[in-house]
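Novice: Below are the features I grabbed from TrEMBL:
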- 59-282: domain 'Anoctamin dimerisation' (DOMAIN)
- 285-870: domain 'Anoctamin transmembrane' (DOMAIN)
- 296-322: transmembrane segment (TRANSMEM)
- 374-394: transmembrane segment (TRANSMEM)
- 458-483: transmembrane segment (TRANSMEM)
- 503-526: transmembrane segment (TRANSMEM)
- 549-570: transmembrane segment (TRANSMEM)
- 670-696: transmembrane segment (TRANSMEM)
- 720-744: transmembrane segment (TRANSMEM)
- 825-847: transmembrane segment (TRANSMEM)
Amino acid sequence: MSEDGYNDIMEGDTEIEMGMIEDVVYSQEFLPTFETIPVGASVPKVEKAEFNGKSDSLFFNDGVRRIDFVLVYEDEDMKETDKNITFQKRKKRREYFEASLMKMGMELEAVRSVVDEKLLFVKVHMPWDMLCTYAEVLHIKLPIQPNDLSTTSSPFNFLSCITKHFYPSEDLIAKETEYFTAPFEKDRLEYFYVKDRDLFFTPSMRSRMAYYILSRAPYEVQENIKKFGVTKLLDGGVYKAAYPLHDCRFNVMSKEDECPNERYLLYNEWAHPKSFYKMQPLDLIRKYYGEKIGIYFAWLGFYTAMLALAAIVGLGCFIYGYTTQETSTWSKEVCDPLIGGNIVMCPQCDKECTYWRLNSTCESSKKLCIFDNYGTLVFAVFMAIWVTVFLEFWKRYQAELEYDWDTVEFLEQEEQPRPEYEAKCNHTRINPVTRAKEKVPYTACGRCIRLSLGIGTVLFWIVLILASVVAIIVYRLAVFFSFSTRLQSDLKELEPFKEYVTAQMATSVTASIISFVVIMVLNILYERVAIWITDFELPRTKTDYENSLTLKMFLFQFVNYYSSCFYIAFAKGKVVGYPGQPVYLLGKYRNEECDPGGCLIELTTQLTVIMGGKAIWNNIQEVLLPWMKNLIFRYCTRVGSEKVIPRWEQDYQLQPIGKLGLFYEYLEMVIQFGFVTLFVASFPLAPVLALVNNLFEIRVDAWKILTQFRRMVPEKAQDIGAWQPILQGVAILAVASNAMIIAFTSDMIPRLVYYWSFSVYPYGDHSSHTMQGYINNTLSVFDIQDFSNKSRPLQTPYWFNNSTTCRYRDFRYPPGHHRQYEYSIYYWHVIAAKMAFIIVVEHIVYLTKFVLSYVIPDVPYTVREQIKREKYLSQVILHETNLKLVTKRLKPVADKIHKHNEDKEEEMMDLNF
């Protein structure tokens, strides 16, 4: 390993050498107002004030300066151990940090807590000039003039008298005026639409700019090292919290005249249970929380609305299967005492298992008919097309939001580097685009080492998941043996349930529960590992960081959640041999067999357990835990009813938002999206469950962030990031997955082959196509004399009499045939039909997806026209500004020339005279 690569790995703090400060971290490009505090110079202290008794105030005590951010710390002077070196070091760092903020132009005011005298709240305010400076640094788009393009009226306007009840009240949440916008430039302020300076920058913009400075302000100087960033101070205990303020209480309007009460409006028109049927006020969500939160709820709402159509079709498919289960010919034959009752099935495990009658699986075969029918095939094809329509229309809707929310040209160059990245910029390279020198945190070797370690760790954990899947498979094989020998005898007293609780069902349910528990445990462990790996890789921007973490987490979650389902769908019961020569796993455990009706009902059980368990667990985590924590905190810090608690202290009592923000919300929904699309052929009710869950999820998430958590720092976002290609990848995989489930997991293809080929001449005895005789035709015959000593059953049931053969699920020649126990012609017909089905269905669906993707444009025509108009206006303003600037610069020269010409004319006149 090279020395540079080793140094890349060993560095681990947000710090930078002094010699590189001007070029890297504190350049005019990133912090125009930064001024270094000389080493050893006295630092100014924050002005302290008394709480003025206004609980809803969002301003300093003077009532003029707005609070843009709040910092909370514990006063070391109030502690008994004030001489502790650690506490004194924290105090010194905090004082230097606050002095740096004031040096850059921020205004601070400290107020002591009403509840706990040890706590102090530092209110942060950005003056107008500073706001203008950093709005330009962050390329914030602001209005230049009202939108003068006429909007096309909807053809469904005649329904407005009905649909208006499903939208938030316009009396409370008025529709925002649309503007053409341009990136803010301080020198061109007169061209921007400034009606009121106090309202020109929204509170979310102000908080975003304040956090940008807080995350880059220095807090310590040690010899040639400078450390910076409020994040490190929070991790080190210097500050206990840092957050922007909510504008009021969620259930009570503010008494302050200038308060917009947006939190109160959002709660009543969005998060309150009474508003569950209303559309989301996305513009207000974006205005209050920023584009990143807004785009998440827009996506979740759009996904839920599209699920409604899938849920209706899936429910129709389920009802069709439920009503036709009693009329299924093959199910009737299984339940018929003269057919299924006379078919003796071979034991499904060695020695301890015994013979059993086919009609003992009557109830499970009826349940299988609900899901394994021709309606499922139609629904699987429908879902493959639905997912394409969903993604294409989401792109269109996202393009509209990008324009409305001014993120159309939000490019990587506009997103500033993360402070952690900036701190490690101690290597020089040539920029491949500009060919100029720039600072980077690692050499090519160092970057290769970081990526290699990250990839290796992810692969190790994926192998660990696969090992856990193998362990669960071994469990299934072991307990199936146990259930087969003891379950029926243990359930003798529970006669009504005896016929429903089979060994296969008991094994499937218990294995599904254990699999779910293993999934959740591995999730908790891997989460920490994935975050550590991504921190170690040191991505440049916040978007790069989230995309890298998203890919790692999804790869892990994909294997973790879906591996057991893929095993049941495509591996279980596929390689079992036959009773005389079974296949063993690890040389010890006999491979599982499917029920005579197939493994589809087990896959349905697995999906139900995981989807249901995951929804319950997530709601406990998202709702119950934050609510309990806030309840306990309020109980521990309760004060007398006569005390008035200020706005900033009310927010401090709420839960902090995690560092990853909405990552887990997206992950939860994308995993659900996988269940809805990848395995929908086995469980048509998956969209219905997902729809019900999402209707609750939207309101629960809204209630959670409005009532239980502090206000998030607003962030810019153009789209849903790395989740978009992940969704597209899942959609492509879903076509192949569902086609293979229908072909290999269900019994639809064997039934179709029997109906069209083997029920009539030359293979069958029937004069016309029929399903009669299907069960007898698809169960192979085995001579019990051919059992090996290892697998021969020790006991036989009393009704077995003198039978010499038993039946098993396969397509093999019977004993006595010259090719006995080899695959029959029926087997090869079925395999050919399955392969043909997969190829035909995949090509038809993929062609349909391609056509839909081509026909549906990603950006609506009206949005394209508005974008062109906005660019034109920006260019006009730029041209006029440059023209005025040139005129201003040339005016002294022109005046000088004009004066020179006048003087020359006077001289000529004098000479003539």
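Keep in mind that glycine also has a Cβ here, set from the backbone N, Cα and C atoms.
A TrEMBL annotation is a machine prediction, not a hand-curated record.
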Novice: Compare 296-322, 374-394, 458-483, 549-570 by their Cβ pairs under 8 Å to the transmembrane segment (825-847) and return the stretch that comes out on top.
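Specialist: Ranked by Cβ pairs under 8 Å, first place goes to 374-394.
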Novice: Considering only Cβ pairs under 8 Å, which range in 296-322, 374-394, 458-483, 549-570 makes the most contacts with the transmembrane segment (720-744)?
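Specialist: Top-ranked stretch among 296-322, 374-394, 458-483, 549-570: 374-394.
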Novice: Can you work out whether the transmembrane segment (458-483) touches the transmembrane segment (503-526), with the criterion being 3+ CB pairs under 8 Å where the paired residues are 6 or more apart along the chain?
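Specialist: Stretch pair touches.
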Novice: Taking every residue in the domain 'Anoctamin dimerisation' (59-282), what is their average pLDDT?
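Specialist: Over the domain 'Anoctamin dimerisation' (59-282), the predicted model scores a mean pLDDT of 84.
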